[in-house]
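Below: the structure, in structure tokens.
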Amino acid sequence: MEPSPATGGSETTRLVSPRDRGGAGGGLRLKSLFTEPSEPLPEDPKPVEMPFHHCHRDPLPQPGLTPERLQAQRQLCAACAVCCVFMAGEVVGGYLAHSLAIMTDAAHLLADVGSMIGSLFSLWLSTRPATRTMTFGWHRSETLGALASVVSLWMVTGILLYLAFIRLLHSDYHIEGGAMLLTASIAVCANLLMAFVLHQAGPPHSHGSRGAEYAPLEEGPGEPLPLGNTSVRAAFVHVLGDLLQSLGVLAASVLIYFKPQYKAADPISTFLFSICALGSTAPTLRDVLRVLMEGSPRSVGFEPVRDTLLSVPGVRATHELHLWSLTLTYHVASAHLAIDSTADPEAVLAEATSQLHSRFGFSSCTLQVEQYQPEMAQCLRCREPPQA
């Protein structure tokens, strides 16, 4: 450092940089200690969404309901409103007609209202983000809502079957044929309207998505998965069961209206069509139990997934292959891939993930790449699971 003269008798301390020595006569370039830096300080990088980054094949999900689930929410709200109006009408009509069959249909509508409210709640709950406790999020709440819907229908139907049996046993009741006929006709119209509202039709402009359909993927590779409308399908199955029962009640009301002596048609129709309603829920219950028991998706076989992974260049063997579903349309896979020592692990991981996503529509894939060892062929943990 060297003092430099300044006006007013003050001194300003300056630094001499050896790197700045140069020029003719050995002149010095001086730098002030208090000068501003010529380049700005680096800022912390801001997180940005990359179009493709290792295993993340889908864009970052947006908060709130997807278009498919928004449509499902609108369907359930509309059907719930229709159901409440006509349920109140059936309660009044059934009371005036002294008809157990009409009250049975009203009770089924009550069960439908409860299941739809539960489905709406589960749709809202499924939008909550994943946490460190619920690492997969809340998608399975829709499956639990569908299970509650089926169980509630079975409970109500069991009670009404018991009451129908008591009527057949004692025959001490009177039926108002005119009121029963009018109420049954309105009930058929109400169930047709609700079935139309809940019909699983895709959105008019979905950019390649198959819309709000319920059926698992079977149509081909490369199409994105709609995330779950299990609740709408369960409600639709309920309405179909109620429609069958309403048609039976309508037929019984026509018979009783013209032939009052055949009043036994009222409990008989309750008995027969309640059994039909129970049977219509069997497919939904089977699919729900498959999801809750961590079963593999119905549309995805173990062998095709294994063969696809083995076809990836560099993969010698696979083990710990697991396939399951969070919902009927949200499929998950995990596996260990044993590769050659000359294979590129990153390339193998990228190719295997791409194959599982494009060919089978898995929403989430977790693959572990490791070096192949000859003893893997004899390892009990590395063996494939037996056939069910």
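Just so it is clear, glycine is given a Cβ too, placed from its N, Cα and C backbone atoms.
If you look up TrEMBL, you'll see 78-293 marked as domain 'Cation efflux protein transmembrane'.
Each residue in the domain 'Cation efflux protein cytoplasmic' (300-372) has a pLDDT score, and their mean in this model is 92. Sequence annotations record features per position, and here TrEMBL assigns domain 'Cation efflux protein cytoplasmic' to 300-372.
Among the features that TrEMBL reports, region 'Disordered' is placed at 1-51.
Under 8 Å from some Cβ of the transmembrane segment (76-100) lie the Cβ atoms of residues 106, 109-110, 112-113, 116-117, 119-120, 123, 160, 163-164, 167, 173-180, 182-183, 186-187, 190, 193-194, 197-198, 231-232, 235, 239, 249, 253, 266-267, 270, all in the same chain and six or more residues away from its ends. The transmembrane segment annotation in TrEMBL covers 76-100 (among others).
According to TrEMBL, the feature transmembrane segment maps to 146-166 (among others). Sequence-distant contacts of the transmembrane segment (146-166) (same chain, six or more residues past either end, CB-CB distance under 8 Å): 100, 103-104, 107-108, 110-112, 114-115, 118-119, 230-231, 233-235, 238, 241, 267-268, 270-271, 274-275, 277-278, 281, 284-285, 288, 292.
What TrEMBL lists as transmembrane segment is 178-198 (among others).
What TrEMBL lists as transmembrane segment is 235-258 (among others).
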Mind checking which residues reach the transmembrane segment (178-198)? Cβ under 8 Å, same chain, six or more beyond either end. 75-76, 78-79, 82-83, 85-86, 89-90, 93-94, 96-97, 99, 101-102, 105, 109, 112, 232, 235-236, 239-240, 242-243, 246-247, 249-250, 252-254, 256-257, 266
